[in-house]
Amino acid sequence: MKVVEVKHPLVRHKLGLMRAADISTKRFRELATEVGSLLTYEATADLELEQKTIDGWNGDVTVDQIKGKKVTVVPILRAGLGMMDGVLEHMPSARVSVVGIYRDEDTLEAIPYFEKIVHSIDERLAIVVDPMLATGGSMIATLDLLVAKGCKHIKVLVLVAAPEGLKALEEAHPNIELYTASIDERLDEKGYIVPGLGDAGDKIFGTK
Ligand code: PRP
Ligand code: URA
């Protein structure tokens, strides 16, 4: 599995702001979108280009365009919605596949409750977004579903990843790429990432 911890100063700064205990819902939401956007920029740096000749202002001109690859963004409900606009900002025509999974707070087991995957998933690059990779259970369940539907090319964007989740994901899906703003220290006894961001879904939606 290719793991990229994006060290860009803007990413480091914005993620740092998100760690403040007293951050508002508005600010957390804005920053989740902004860091999601910056991770998208990094994760798409290797997309293949092809040349095309178009009718320019001064006659024919040869331009670059992204080759053939269709994209689907896959937010994992709920918290993944907080990063989705950051991806769509760069790829406004991308189709969206939604996967609903919550983590049982006692057992930490990932419980799927919704899925709506776009057609031709076998021909698309899937960009899966979720702010937190903790045990990895929710992400693994999502990727299992995408692979079962025929998806062959997957990039994962998470704001914060725990080493435990990275290890589990590597074992389950060694062929994917993951981009994160930070690999944090560890999980606590309740399965929360330390230092982490707290409950990202609650912070994005203003619940609790
Ligand atoms: C959070 C987070 C991930 C999951 C990570 O979602 O957004 O989906 O937990 O934990 P894991 O790696 O141990 O599976 P949560 O279950 O809190 O649901 P929510 O997005 O609806 O708040
Ligand atoms: N889900 C979150 O929102 N935060 C964590 O630290 C772990 C799981």
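Cβ atoms are placed via backbone N, Cα and C, with glycine included.
What you are looking at is a predicted structure, and each value in this text was computed from that prediction instead of being measured.
What TrEMBL records for this protein:
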type: DOMAIN; residues: 6-207; note: domain 'Phosphoribosyltransferase'
type: BINDING; residues: Arg78, Arg103, Asp130, Pro131, Met132, Leu133, Ala134, Thr135, Gly136, Gly137, Ser138, Asp199; note: 5-phospho-alpha-D-ribose 1-diphosphate binding site
type: BINDING; residues: Ile193, Gly198, Asp199, Ala200; note: uracil binding site
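Sequence features annotated in TrEMBL and their locations in the structure.
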{"residue": "Arg78", "record": "5-phospho-alpha-D-ribose 1-diphosphate binding site", "Cβ contacts under 8 Å, 6 or more apart": "Gly100, Tyr102, Gly201, Ile204, Phe205"}
{"residue": "Asp130", "record": "5-phospho-alpha-D-ribose 1-diphosphate binding site", "Cβ contacts under 8 Å, 6 or more apart": "Pro75, Ile76, Ala79, Gly80, Met83, Ser138, Met139, Thr142, Val156, Val158"}
{"residue": "Met132", "record": "5-phospho-alpha-D-ribose 1-diphosphate binding site", "Cβ contacts under 8 Å, 6 or more apart": "Ala79, Val158, Leu159, Val160, Ile193, Gly196, Leu197, Ala200"}
{"residue": "Ala134", "record": "5-phospho-alpha-D-ribose 1-diphosphate binding site", "Cβ contacts under 8 Å, 6 or more apart": "Arg103, Leu108, Ala162, Glu164, Gly165, Leu187, Gly191, Tyr192, Ile193"}
{"residue": "Gly136", "record": "5-phospho-alpha-D-ribose 1-diphosphate binding site", "Cβ contacts under 8 Å, 6 or more apart": "Ala162, Glu164, Gly165, Leu166, Lys167, Ala168, Leu169, Ala172"}
{"residue": "Gly198", "record": "uracil binding site", "Cβ contacts under 8 Å, 6 or more apart": "Ala21, Tyr192"}
{"residue": "Asp199", "record": "uracil binding site", "Cβ contacts under 8 Å, 6 or more apart": "Tyr192, Lys208"}
For this session: Please report the DSSP secondary structure of Gly136 (5-phospho-alpha-D-ribose 1-diphosphate binding site), reduced to three states.
Result: coil
Problem set entry | Model confidence over the domain 'Phosphoribosyltransferase' (6-207), averaged pLDDT | 97
Problem set entry | Span of the 5-phospho-alpha-D-ribose 1-diphosphate site, taken as the largest CA to CA distance across Arg78, Arg103, Asp130, Pro131, Met132, Leu133, Ala134, Thr135, Gly136, Gly137, Ser138, Asp199 (Å, rounded to a whole number) | 17
Problem set entry | uracil site, defined by Ile193, Gly198, Asp199, Ala200: further same-chain residues with Cβ within 8 Å of the Cβ centre | Pro131, Met132, Val160, Tyr192, Gly196, Leu197, Gly201, Asp202, Lys203
Seminar exercise, completed: Result for ligand 1 contact check over binding-site residues Met132, Ile193, Gly198 with Cβ cutoff under 6 A is Met132
Problem set entry | Neighbourhood of ligand 2 - binding-site residues from Arg78, Met132, Ala134, Ile193 with Cβ under 6 Å | Met132, Ala134, Ile193
